[in-house]
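According to Swiss-Prot, the protein carries these features:
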type	residues	note
BINDING	Cys76, Cys78, Cys94, Cys97	Zn(2+) binding site
BINDING	Asp496, Asp498, Asp500	Mg(2+) binding site
Amino acid sequence: MNQNFSSMIDRYKHQQLRIGSVSPQQISAWTNKILPNGEIVGEVTKPYTFHYKTNKPEKDGLFCERIFGPIKSGICACGNYRVIGDEKEEPKFCEQCGVEFVDSRIRRYQMGYIKLACPVTHVWYLKRLPSYIANLLDKPLKQLEGLVYCDFSFARPIAKKPTFLRLRGSFEYEIQSWKYSIPLFFTTQGFDTFRNREISTGAGAIRELLADLDLRIILDYSSLEWKELGEEGPTGNEWEDRKVGRRKDFLVRRVELAKHFIRTNIEPEWMVLCLLPVLPPELRPIIQIDGGKLMSSDINELYRRVIYRNNTLTDLLTTSRSTPGELVMCQEKLVQEAVDTLLDNGIRGQPMRDGHNKVYKSFSDVIEGKEGRFRETMLGKRVDYSGRSVIVVGPSLSLHRCGLPREIAIELFQTFVIRGLIRQHLASNIGVAKSKIREKEPIVWGILQEVMRGHPILLNRAPTLHRLGIQAFQPILVEGRAICLHPLVRKGFNADFDGDQMAVHVPLSLEAQAEARLLMFSHMNLLSPAIGDPISVPTQDMLMGLYVLTSGNRRGICANRYNPFNCRNFQNEKIDANANKDKYIKEPFFCNSYDAIGAYRQKRINLESPLWLRWQLDQGLIASREAPIEGHFGSLGTYHEIYGHYLIVRSIKKKILSIYIRTTVGHIYLYREIEEAIQGFCQACSDGT
């Protein structure tokens, strides 16, 4: 990022950056700068950092002040000082050392570059899956790797004249004997002439192939091939069908990749580097610790490795005229491996380690992962109006509500509470209002509840992998220090109530509050955005709770005395007929569900205890052919007919006086919850119409 780019961000207040491939011209524009005397600087040619005697940056090194700017504002490498921003007609740079008199903060964004002696493929586009280079070229990744790392050569298909290798009948890739025999019989100049005409190897071959691609033709041919494969239909051979399916998936990825390159105006050959950018020094610092020892970023050592190997290759190509071509190819391979290690250490096998057997941190290690530049430094910062706490289950909450601890709520909504105290003339100024909040006066909690009633909050659980990872809730005050959450929203957050933590955010602007209410409320996100299946479904403890609530007798769900299909109970009835003769009489009778629940709360009956509940049952539902299991006469002349799941009380004249169903308190609780839910749904539908 150069100064113009940085100022552009500040001027237009851009809130986003795009990471992608750039052209060599763009890299040169970012890194090169023209001094007032007309000299162009920016290329890093030496692998040195600081001079061991003067402790000053080496010229044209990784910390050069001519390239990256002065270490101290307005002070050049010679020690001269100029006032920054002085409009006198004085030179803006030191004529002796060539350092500009500018602010030292320029070292945070001024980049340099390394001019590579040979093209180098970007390992992210070659080795990361899916391989973009392999997809565009429609070639196996293994063969491309062998070509990049000079394991074999490639007959140049773009030669206008008949080449020796083509006349020999070679097609695309050379046999192993040619790999070793060709370079040995040519000096550097002769080998270059031969290679430029006959063969191509290394990243240069990849660059030529990518430069010859026509993305529009790739789109047309890939789409046509996909249609032809789709029209063929299944062959009946499972192996062939799988092969066709994989080919169709590959064609889809290739089309999408080509469309992306066209849409973003990126040329495929930019995936092969000719100029390697050098990070600003402040992003890869060398610091001095106690005892005079220096600590350096691992990236500096990886840059030094690249420069050493690149300079060696440059010397082989320019000065040593008798060097065998095989040595040149080996050195090109070493440069490629050094750049690979700089970008992604360990992607090709064993990572590079230092003298203490510690793996060097490459670019990928610096920016990716939880401790990377993006998640820790840019996205992981603490923000205002936010909090964090452990989540616990709140079964009594509504789906769109969450319990917010008082300590967190008073901190998050403190400004709103202060405004409420002043508006209601309960505090004369902000200081008095804060004093009332610190003393936790009762009026504060009342105003806090009033503020929270109309203000949603956002709950977020990291990592936020999809949109259900952050949802809106209506907060209510709860005791304790944990956030209470409805168990049905657990799956959307992928959370468990075993110590997971969640962050709380307060939307401040009206737009954010409207978005939270219209799009992000939990009761409006009941379906999975990926597959459309219900995501708020009972699981684990809820299913076990429903089982216990409705199972009845703890001996099992089939342990019903009046179940005629339970053979064990039928035998027990024969054995203990006298003992259980009046057992149903001992089971309590209730006129309504409120009396039954009241008896349970008074601990007169248990949750699974069977009872008789008076019920308005349609007589048409009673099967006329069903015979009663038992019958008993009451003391008042009534007659009780006991069926499988209900009881009919008749008068002497056989008239039905009342009907009771045999149930438990657990069934009553479940029925009431379902009834309330249905009534609420019907009321919402009627209000909507």
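Each residue, glycine too, has its Cβ placed from N, Cα and C.
Note that this is a predicted model, so its numbers are computed, not measured.
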Which of the binding-site residues Asp496, Asp498, Asp500 has its Cα closest in space to the Cα of Cys97 (Zn(2+) binding site)?
Asp500
Looking at Cβ-Cβ distances, which residues of the chain lie under 8 angstroms from Asp496 (Mg(2+) binding site) while being 6 or more apart from it?
Arg490
Can you name the residues of this chain that are 6 or more positions from Cys94 (Zn(2+) binding site) yet have a C-beta less than 8 Å from its C-beta?
Cys76, Ala77, Cys78, Asn80, Phe101
Using a Cβ cut-off under 8 Å and a sequence separation of 6 or more, which residues in the same chain sit near Asp500 (Mg(2+) binding site)?
Val390, Ile391, Arg461
Report the residues of the chain - excluding Asp496, Asp498, Asp500 - with C-beta within 8 Å of the mean position of the site's C-beta atoms, for the recorded Mg(2+) site, in sequence order.
Ile391, Ala495, Phe497, Gly499
Pick from Cys76, Cys78, Cys97: which of these binding-site residues has the biggest number of other Cβ atoms within 10 Å of its Cβ?
Cys76
Long-range same-chain neighbours of Asp498 (Mg(2+) binding site), Cβ under 8 Å, sequence gap at least 6?
none
